[in-house]
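Heads up, the thing below is written out as C-alpha cells.
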C-alpha cells in the first residue's frame with residue numbers, strides 16, 4: 001500500500017494540484033456541449049442554476065448555522081425580476097442579473113435584520129413565513145399589478161445565437177450553457193474567497209460557538225445579516241439563471257417545496273462545503289428525472305398517480321432522513337476522505353506544528369522520524385491531518401450539521 | 001357599493017368569520033405549543049400530519065363510516081402516529097441539537113405532502129361535513145341588507161374549541177399524566193430525577209398535538225368545503241403566528257392568539273380598502289414580526305424561542 | 001457482613017472527553033448519613049448524577065445488591081433513590097402541592113400519598129401556608145424545603161442531597177439540617193449529602209468522604225474526618 005502524498009497548503013505543489021483540478025473541470029464543461037444533445041445540455045444548465053441557489057443556502061445555513069426556510073422566495077424574486085424585465089420591458093437577460101442580485105441582497109437584508117435581535121427558531125418561523133407568503137403574494141392582485149402573471153405564471157422567451165467569434169462547434173443552447181457555467185464559476189470563486197476571508201471565518205466561528213465569537217470581536221448581528229443578504233443574492237441570481245433553462249416561472253415553482261428541495265440538496269452535498277452545492281444541484285435535476293422514469297416502468301407505481309414528480313419528493317424526504325442519520329456531513333467530506341488516501345493537503349500552521357519543513361515542496365509523510373502526529377492517514381483512519389479543514393473543499397470542518 | 005365596515009351587521013359578519021377561522025388557527029397553535037412545551041422543538045410537519053389525518057376521515061366516511069366516528073378513529077390513529085414519530089424519528093436526534101430535528105420534520109413534510117397527493121390525488125376532494133352546512137343552516141340575528149347571521153358551522157366550530165379547551169384543561173390539570181407532562185415542561189431534568197418517564201411525556205405531547213392537528217384539518221375541510229394535499233400549508237403559518245402571538249409555551253395563549261389572529265385578519269383588510277386580494281399571510285407575518293420585536297415571549301408565554 | 005445500602009466501586013464518569021470521576025469507591029449503610037466533601041469541580045455533583053444514571057459511567061453502582069449502572073434514571077428512582085438536585089430544581093410553574101405530588105410519581109397508594117403530604121406540611125409549616133401558590137414565587141429557603149419534602153414524598157431508602165444549603169441564610173440552613181436530622185432519626189432514611197458547609201454537615205453526618213479531582217482521598221467517621229489536619233486546613237479553615 002503506497003502512502004498518500006502530502007502537500008502544504010499554498011505551496012507550489014498545492015497550486016499545481018489545484019490548477020490541474022480546475023483545468024479538468026473546465027475541460028468537462030467545454031466537452032459537454034460538444035458531445036451531448038440539447039436535452040442533456042438543458043439538464044446540466046438547470047444543474048447550474050440550482051447549484052448557485054443551493055450555494056446561497058450553504059452560505060447562510062451551512063456556514064453561519066442559521067436556519068433559512070425562505071430560500072425559495074429569494075430564488076423566485078430573481079426569477080420574477082428577470083422575467084418581468086425581459087418580457088415587459090425588453091431588457092437583455094444579462095442586464096437583469098445585477099438588478100436581481102441587488103433586489104435579492106435587499107430582501108435578504110430585510111429578512112436578516114430580525115436576526116439582529118432574534119435567533120434560533122424565531123428566524124426559522126420568520127423565514128418560513130416569507131417563503132410561504134412569496135408565492136401567494138405573486139399570485140395576488142398586488143403581484144399581478146407588477147406583472148407576475150398571477151397564478152398562471154409568467155412566460156419568458158430568452159433565445160441567444162452563438163456569437164460568430166466563438167470557435168467551438170456548439171449549439172445555441174450549448175453556448176447558453178457555457179455562459180451560465182462562466183457566471184456560476186465566478187460566483188463559486190467569490191463564495192470560496194468569501195468563506196476563507198475574515199467574514200467567512202467569523203461565520204464559522206459564530207456557528208460553532210456564538211459566545212466565543214462574540215468575545216473575540218466578531219459581531220454576530222452584522223455577520224448574520226451579511227450572511228443572509230449574500231445568501232439571498234445567490235438565491236436570486238440562481239432564479240435568474242433558471243429562466244435561461246425554463247421559459248416560464250409560476251407560483252408553484254417557487255413554493256415551499258422548492259425550499260425543501262434546496263435544503264435537501266444542501267444536506268446531501270454537505271452543508272458546510274462550497275463544492276457540495278454542485279452535488280445538490282445534480283441531485284435536484286437528475287433525481288426527479290430518473291425517479292419518474294423508474295416509476296413509469298413499475299406498473300403498481302405508475303397507476304397510482306399521473307404526477308411522477310411526487311415520487312421524487314417522497315424520495316427527497318427519505319434521502320434527507322437517511323443523511324441526517326447516517327451522513328450528517330454530506331457527500332463532499334466523504335469524497336475528501338477518499339482523496340486523502342492519495343493526496344493530503346496540510347495547512348502551513350499544522351505542518352509547522354508537526355515539524356514539517358515550511359519551504360513547502362512535496363514531502364512524504366512520516367519522513368521526519370515518523371513524529372508526524374496527523375498526516376499519515378491509514379485506510380479508514382483520520383480524515384485529514386490534525387483534523388484541519390481541507391481548503392480545497394471549502395474551509396468548513398467536515399463536521400456534522402449542528403446548531 | 002359594498003357594505004362599509006361601520007355597518008354593524010357587516011362588521012359582525014366579519015368578526016364571526018374571523019372567530020371561526022381563529023378557532024382553526026388556535027387548534028394548530030395548540031398543537032405547536034404542546035410539542036414545544038416539553039421538547040423545545042417546532043414540528044414543521046404538523047400541518048401535513050393534520051392533512052393526512054383529515055384524509056383518513058375522508059377515506060373512512062367514503063366507506064360508510066359515520067363522520068363523527070370517523071373523526072374519533074382518525075384522532076386515535078393520529079395520536080399513535082404522532083407518538084410513534086417522536087419515539088422513532090425525532091428522539092434519536094434529540095442529543096444532536098435542534099437543527100437535525102428541524103430537518104427531520106422538513107423531511108416528514110415532504111414525504112407526507114407528496115404521499116397524500118399520490119394516494120388521494122392532487123385535486124381537491126369534497127370532505128365529509130360533520131355540521132349541517134346547507135344554505136339555511138344558520139341563525140338569523142339582524143335582518144335587512146346586509147343581514148347578520150351565524151351559520152351552524154361557525155357555531156359548531158366554536159363549540160369544538162370550547163369543548164376541546166375544557167378537555168385539555170382537565171387532562172393537563174387534573175390527571176397524573178397531565179401533572180407529569182407539566183413537570184417535564186417546567187423542568188426537564190428535575191422531572192427526570194423524580195422518576196417521571198420524560199420520553200413518554202414527549203410522546204404524549206406529540207400524540208396530543210397530532211390529534212389536535214387532525215381535528216383542525218377536519219374542521220378546515222368543513223369550513224372551506226374542500227380538502228387537498230396542500231390544505232394545511234398556509235394554516236400552519238397562521239398557527240405558528242398564533243402560537244408566537246400567544247406565547248410559544250402557553251396553552252391559553254395559543255387559544256387566545258389564534259382567535260385574536262383570526263379577528264385581526266378579518267377586520268384589517270376591511271379597514272384598508274386599498275388592500276386587494278388575500279394578503280392575510282402578509283398580515284400574519286407582520287403580527288409575528290411585531291410580537292417578536294416588542295414582546296418575544298408573546299402575550300402569555302414565559303419562555304422565548306432561544307434554541308439554536 | 002451484609003451488603004451496604006449503596007455501594008460505589010471504581011466508578012468513572014465523563015462528560016464527553018472530560019473525565020470527572022476517576023475510580024470512586026463509596027458506601028452508604030442503611031439509615032446512615034454520609035457527607036461528601038470536596039472543592040468545586042472535584043466531582044461531587046457528578047457522583048450523585050452517576051448514582052442516578054444521569055451521566056455516562058463505568059464501574060459499579062449497587063443499591064441493596066442491585067446493579068444500577070447503565071439503567072435509565074426513572075428505573076433507578078423506582079429502586080428507592082430520591083435526588084434533591086443542586087439549585088433545588090422545584091417546578092416553578094407548578095403549585096407547592098403539585099410539586100409534592102410529582103415527588104410521589106412512582107407511588108400508587110393514594111391514601112398514603114395524602115397522608116405524607118399532610119405529614120410534610122406539619123414538618124414544614126411554611127409549605128402548608130403556601131400549598132396552592134406557585135413554587136417559583138417562594139423564597140430560596142422555602143424552595144429548598146419543598147425540594148427536600150418532594151424528595152421524601154417518594155419514600156426513598158436513600159436521599160441524595162446536592163448542596164442543600166446553597167444560597168440559604170445561615171439560620172435557614174440550620175433549621176433545614178435540624179429537620180433532616182429528625183427525619184433521619186425517625187424514618188431511618190439514609191442520606192448522602194454533598195455540602196460546602198463542611199462543619200455543619202459533619203456535625204450531623206455519621207461518616208464523611210473527601211473527593212479530590214475525581215477520587216476519594218479521605219474517608220472515615222465524621223469525627224475522624226473533622227479531626228484530619230489537611231481536611232481542617234482545606235475545608236474548615238482552622
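Each Cβ is built from the backbone N, Cα and C atoms, and glycine gets one as well.
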Item checked: Segment assigned the feature transmembrane segment in TrEMBL (from B:149-172, B:173-196) -> B:149-172
Checklist line | Stretch among B:12-36, B:67-85, B:97-120, B:255-275 sharing the most Cβ pairs under 8 Å with the transmembrane segment (B:201-221) | finding: B:67-85
Notebook entry, point to check: Counting Cβ pairs under 8 Å to the transmembrane segment (B:255-275), which of B:97-120, B:149-172, B:227-248, B:281-300 comes out on top?
Noted result: B:227-248
Checklist line | Range from B:12-36, B:97-120, B:281-300 with most C-beta pairs under 8 A to the transmembrane segment (B:149-172) | finding: B:12-36
